Every structure is written in structure tokens, then in C-alpha cells.
């Protein structure tokens, strides 16, 4: 507010340049008297309880409109009131002005109980204005990074974004302290800022993480190497599986071709045994199987034919020993001497010798048996039910003869004879 001062005691006050110097005696004297005048006047108003004090800001003058040419002296003051619901009303400005003019009028133009006087109450007290504390650093106590906002009768401080205000919930203390989180919280790899009172790191470069603890370049190299290793391992396993299946098929095919007897047991492409459908024959005989059997039978007949003629001039055993008989002579009988010159076996198959007698056929029948026959090979179904790979030969058991006819063996140019 501004207060016009016309007299100090009985002496009239006029503007001089000395009043511009705040260190001059004239300025200090008028400053002191002005403070006492306002304080005494405010004690005579209804706002005496809310009034805390006043302060003289400056002394100034305005060009006079009177014919005398003298410039009046004005005192600029700041009133300090206690903050309350009553003092925060915008209408309080007019109320204070009205009550101060009333005091001056009641005191006969005396400003309170001081030595300062005015010529008339009219125009002695100017309209009050709200002081903007944010324009003067000495009028507010906001933090150096806080934002000061002027309000009627007061001011408000707010910490900027990224700072933590411990007094954010208190309007009288908010913005007085603005804290930042330490840079070592982000491992010196980013900027630490508060968000909802929680420290948050804004990482720089290739770092990321809650505290910028992860190096993106190192992690990228590690992930790339791991993925490459997994791809190589999977590719190797796939190749090995394919090679193993192919090798297994080749081995089974080779085994089927190398062993004709079990060639029909070869597996199919799906590595499954040839299993016929229900109601069909156990094995489907193909042309290839028939040709293979014919070839096998021919080879086995040439290799293991027990009934083919043996080379001449070589001593042979009785035919009974070939078929597993224990012998035709009694075990307790004495050995029988037999000629050892030019022995010739009698052929079972083929033409008869010219010098053999009619009894030779009977001797051969006694030795081999009258019902002896060569068994034929069994069918596949019979073979499938057997556990071995060889055909069983059934022999019709005959009583063991007590003696062996000697005409089985013949001597050149000699007639047959018996030994008893």
C-alpha cells in the first residue's frame, strides 16, 4: 500500500533528493516514523489480531497538481497479515483501506498515534494490492530449482518433475526441499530421476535395466552365439537321425539280400515287419520269392546232397551212420574182418553195377528200410512256427538188425559172400 505524509509534527514535508538515499538520516527518520504510524493505526482496526507487522519498501513522489509546485511525499509499505480464511479473501483489500481511513478521520487527520499527519483523509491511503513475492528472492523461500507461483496474500512452491519433495502434501512447506537421487544408483550409466517418489533410471547408450546394469552389446553377442549353437546342434541331430535311418534301411536291405532264407522277413520303408491283414495267408508269395526259393533249393541240392554218388576209390561209411544210427552190429560182438582192397560203395541213385546180384537190392533194402523216403521241404507257414532255421527230417524207426549183409560192399571180380 502507499501512504501520503504531509506533516511530521508541525513541520511540512516536501520531496528532496536525500529521501532517495536509504542510508541518509532523513530517509531513516521518516522510515521509522512511518512504521510506527501504520502499526498504531492497524491496532485500531478489526484486523489487529491478524496484523503481524509492516515494512517500508521505498519513498517516492509524484508531480503535484497544486499551484504551489511542492511535491508530496509517499511511503510505500508492505503489510504482513496472518494467513487465515479471513485474510485470504480478495475483499480484504478494500476492508483494510476503509478501516485505515476511518482511523485517520477519527484521529483528526493523525495517522494512528504517531507524529505523522495528513491534510485530509481523502487520498491519504491508496488502494491495497497483493504483493508478488515470487518477483523478489528475499520475499519467498522456495528451493532454487522449484517454481514459485504467486497467490493472493501468499505464494506456492512446486518442485520440478524428476525431483522428490518430502513436503509435497503440505502447502505451507512444499517446494522448500527438492531432492534428486544419486547418480550411482544408475551405476553412472544414466540419469536418475524420481517418478511417483520412486527412483527411475534413464539409461544412456546401449545400457538398459532397472539400474542400467545390463550391457546391450554384450547381451546381444551372448544371445547370438547361443542361438547359433542351438541351430548347429539341432541341425547336427537332424542330420544324424536321417543318416541313421538311411543306414538302418541299407543294412536291412543288405541283410535280406545276403541271407536268402530270411529275405522275406525284410522290413518295409516304415521299419515295420510285413504283417498280413486279418483273414489272409501269413505271407504273400510273390514272383521274386518263388525265383529265390528255386535258386536256394538248387544251391542247397548241389552243396548238401547226401544221396549223390561219391567219387570212386574212396572208402565210405555205412549209410546208417549218416542218418544218426548207432550201428547195426551188436556192441558185444567181435569185430568182423572185411576186405580192404578195391572197396566200392554201392550208389543209392543211378544204374546198378553189372556184377551185382539180385540179392544186392534186398541187402540195400534191409540197410535203409523199406519205407525210407526223402522228406520234402516244409511250407512257409510251417517254418514260421518253428524256432530253428533248419528243416527237421523225420525218419521212420525200424528195428535194428542183428547183422549186416556183406554184399553191401563188393569186390572186383569176386562174388558176394556173407560173414557170420
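Cβ atoms here come from the backbone N, Cα and C positions, even for glycine.
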For which of the residue intervals 218-243, 244-269, 270-295 does TrEMBL record transmembrane segment?
218-243
Can you give me the same-chain residues 6 or more apart in sequence from residue 212 (disulfide bond) with a CB-CB distance under 8 Å?
186, 187, 189, 190, 201, 203, 204
Near residue 203 (disulfide bond), how many other Cβ atoms are within 10 Å of its Cβ?
19
Local backbone state of residue 212 (disulfide bond), from DSSP in three classes
coil
